[in-house]
Amino acid sequence: MDIIFGRNKKEQLEPVRAKVTGRIPPWLQGTLLRNGPGMHTVGETRYNHWFDGLALLHSFTIRDGEVCYRSKYLRSDTYKANIEANRIVVSEFGTMAYPDPCKNIFSKAFSYLSHTIPDFTDNCLINIMKCGEDFYATTETNYIRKINPQTLETLEKVDYRNYVTVNLATAHPHYDAAGNVLNMGTSIMDKGKTRYVVFRIPAAVPEDKKGTNPLKHTEVFCSITSRSLLSPSYYHSFGVTENHIVFLEQPFKLDILKMSTAYIRGANWASCLAFHKEDKTYIHVIDQRTRKPLPTKFYTDPMVVFHHVNAYEEDGCLLFDVITYEDSSLYELFYLANLNQDFEENCRLTSIPTLRRFAVPLSVDKNAEVGSNLIKLTSTTAKALKEKDDQVYCQPELLYEGLELPRINYARNGKRYRYVFAAEVQWSPIPTKILKYDVLTKSSLKWGQEHCWPAEPLFVPTLGAQDEDDGIILSAIVSTDPQKLPFLLILDAKSFTELARASIDVEMHLDLHGLFIPDTDWDARKPALSQEERDRAPDSCVAPQA
């Protein structure tokens, strides 16, 4: 497993042309941009957790049937400080570090005051966000880093706190049809309260303020007070429909008091996270029109959710699909020590990721009998059982066991949909196949090959697509066989047959999330490459210019 998880990967700064077998659809023109951890040791120091690794961006530029690849480490402040010191000096969630290796207990105590709510890392390794005409590498702290999606150059550092009061934010924002960004973050002990804040970033600025950054026009859409001032819920994503927002306040909680003393205790921040199996998972539904939560108290059993798949409304009910775990053991598995020692045994102890559908009534009949099921839909077996004191217990429908990293045709986001594209993880949390799951027929199609580990499958629709699955699937494939080159896989999304693959003779890392940028989305007013760079690069590696 060290080949995949523990070994540092080299940058590929100059574009390299891939060897394409098969035929890439001629309409597929653009760049697949991905993000994930690529460096796990600095000098003689090593990160504790795979999710702590330094961010390595990589891209696949697809043009006229050819593919070019490049990769570059995000030049974050974290990266630069670590490289300059030749050791880890900036703390990550699973690794506590100290700028001065000679720090003793007294100097730790002196530093304690500045670490009550720590200044988190800007190692933005999880996802890529489009904001207006700009692109940002994102993580789950208050920092994002603007990048050039063509050259992978790191640009300015952005602190969300300059625009909205959040200490943490998700790396999974939502976008509406106009390109406006909707995201969530946690505001810790601000004015005596800890809140979950939903905020909106416009895709464009008002006519009288052209030239200004859309981030400067960020607005707080609404907020939910945490059930605990000192133990807010951890969350990785949330759901939206055309009229509502769905947020799960799960019993996977961050202990703020422990976090405030983590630095002085030499403990990492991950040790301040705990799953409380005796607690409930609370389902908050926010009406986007009133910007207020529904008054009914919806809840379900204790669980951990990282990824929402989709949500939609049907006949007075809100349905949402999520990947659930019985506990927080997944996070524990990805400590590098667990990945590289007794891996198969550790996997058996990990909760299986399960796709479940929940249904919530958008209005509750006050006269309904206690114990009655408020969901009358024939399309799901999910239940919402009325209880006393204006509470409703939600019992989900189990759809599929053993999948993660879900994606959909984003044109169906917030609407009734049919297909989930995901990585199948039947025997462990490591992806072995790509899965297309039909939530209507409960059937599936799969792609897989021996020694191949697929990344998150990303759906790209064909031009003028009519059917939901009319498009292709892109996935970056790495191999546990050192003799097998990594490659970009291109599948027909309808039949799930392989159309082409683009093999690259590089050390490619296992990434997390990303997006596809069609050529029509490039901002031609900002030349991304110098003429010298354009002359050096193969034509297929250069985005069109005005």
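Backbone N, Cα and C define each Cβ position, glycine as well.
Those TrEMBL annotations? Automatic predictions, nothing curated.
Per TrEMBL, the feature Fe cation binding site maps to HIS172, HIS236, HIS307, HIS513.
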* **Nonlocal neighbours by CB distance (under 8 Å) for HIS307 (Fe cation binding site), same chain, sequence gap 6 or more** => HIS172, HIS236, SER237, VAL322, ILE323, GLU404, LEU405, PRO406
* Structure fact -> Residues sitting within 8 A of the centre of the HIS172, HIS236, HIS307, HIS513 CB atoms (Fe cation site), not counting those, run ILE126, ASN127, THR170, ALA171, SER237, PHE306, HIS308
* Asked: For HIS513 (Fe cation binding site), what residues in its own chain, 6 or more apart in sequence, show a Cβ-Cβ distance under 8 Å?
  -> ARG34, ASN35, GLY36, ILE126, ASN127, ILE128, ALA171, HIS172, LEU405, GLU456
* Structure fact -> Cβ atoms other than its own within 10 Å of the Cβ of HIS172 (Fe cation binding site), all chains, total 20
